[in-house]
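Q: Here it is, the structure in full.
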Amino acid sequence: MSSEVLNWTFSDNNNNNNIMELTSNFSWILEVVTKNKNKTGSDDGYDNPTDIHHQGQFSEPFKVLLHILYNLVLFCGVIGNGLVIYVIYSLPRMRSTTNILLSSLACGDLIIASFCVPFTYISILYGYWPFGGILCKVVSPFNAIGVLVSAFTLIALAIEKYVAILHPLAPRLRKSKVWWVVILIWIAACATSIPIAVVSEIYELPINGTNESVSFCQERGWGNAQQELYYSISLMMVQYFIPLGVLAFTYSRITFVVWGIQNERPSVVTGLNGNNNEINLNRNSRTDTRSRKTVLLTLAVVCGYTLAWLPYNINYIISRHNPEYTNEYISIACHWLAMSHSFYNPVIYAWINNSFKNAFKDVYRKIICCVKQQASSGISTRCRDRSSFSTTMSTVRWKSYRKISFTPEPNNAPMRKDGKDLSIINEET
């Protein structure tokens, strides 16, 4: 999405004055526009594309650091989001409306981690596109799809919580309907990314004095620069600034309502039925805790997305208007920060949400059992039984809690200022 100018200087044994200026456009992947400048000396050139290493541009410690950081994102993003998808669809108790939307978010992050990260950082290290024309056509739009799915899903989550909390008597989004929302999100993301697939193509740069060439994956199919500019700006608005505005509005209202209701409740209730009042206070406390955790979970997800992609988009704006202020190291740092968002959400779920935390523990316990299976079948059986028992008991507790929490009590149920019952809006995420 952003355009950074990377000037890489490299040479061979016969020509120490060969300089290439590589202008790198990070529109979902590293795109490079290359031109030869100041070409003098021998016609021997380079033996093959793999001889081009941008000597002197990136030090070996920096290359090692890039390997570590990008592989960390790849590993954590694939494992973390794969785990989220697995626990949501393998455990019936986890298939709430909110969690189904979170699974769509995890799928988008999984695409980013598996498609964008490996191809981009290898292109950064090599300085060219070594994967061929087919992958150029495939990887470029898939990167856009992953980011757009995340953005659109965050909007859907915000609207779902906004309606549930501020308009509790309005029709709720049912599980049978939420799948249509997910399908629409993916259709919209794919449709928005079609132009990238159309214009992405391989640009071949001949190597001096040989029949070889170096490939670069670029968006070269635009009719003119104005079309590319309009699409890039529109994509940035749809991917970041419009979602940011929607999220800021909805969650500011949600936070005000939830914390306002909780602060207005009396800490001590007196009356004729002391026992009933104590029970209602306990129920209100549980409802408040669940409401607060639900809001904290979604707020953490939104803040993670906002902060991760903010430097990347700022760098894009600067590079469009003042490319002389861009720097390759800053551009790479912004790109890594944006890609690292792909593994934030699983960490947030495990940190805030007890349901995800318990489900992750169950999966970990099953993995340990499989590892121990070769050593002792008895240990494996006991571990598997304990894991199954833990999952069963968690399901029983969850069902019992929902039955108790949602029992209507018109006289004592927590009420909003406008008289609407707050207890019906809370949902296990």
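Even glycines carry a Cβ here, placed using N, Cα and C.
Annotated transmembrane segment per TrEMBL: 68-89, 101-124, 144-166, 178-198, 229-251, 294-312, in sequence order. The domain 'G-protein coupled receptors family 1 profile' annotation in TrEMBL covers 80-349. If you look up TrEMBL, you'll see 409-429 marked as region 'Disordered'.
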Q: Most CB pairs under 8 Å with the transmembrane segment (229-251): which of 101-124, 144-166, 294-312?
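A: By the under-8 Å Cβ criterion, the transmembrane segment (229-251) pairs most with 144-166.
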Q: Could you tell me whether the transmembrane segment (101-124) and the transmembrane segment (178-198) are in contact, taking contact to mean 3+ Cβ pairs under 8 Å with a sequence separation of 6 or more?
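A: Contact between the transmembrane segment (101-124) and the transmembrane segment (178-198): present, because at least 3 Cβ pairs are under 8 Å.
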Q: Under an 8 Å Cβ to Cβ limit, what residues of the same chain, 6 or more beyond the ends of the transmembrane segment (68-89), are close to it?
A: 95, 99-100, 102-103, 106-107, 109-110, 112-114, 117-118, 120-121, 336, 339-340, 342-343, 345-347, 349, 356, 359-360, 362-363
Q: Give residue numbers and ranges for long-range contacts of the transmembrane segment (144-166): same chain, 6 or more residues beyond its ends, CB-CB under 8 A.
A: 28, 97-98, 101-102, 104-105, 107-112, 115-116, 172-173, 181-182, 185-186, 188-190, 192-193, 196, 235, 238-240, 243, 246-247, 250-251, 253-254, 257-258, 291, 294-295, 298, 301-302, 305, 341-342, 425, 427
Q: Across the domain 'G-protein coupled receptors family 1 profile' (80-349), what is the average pLDDT of the model, as a whole number?
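A: That region's mean pLDDT is 83.
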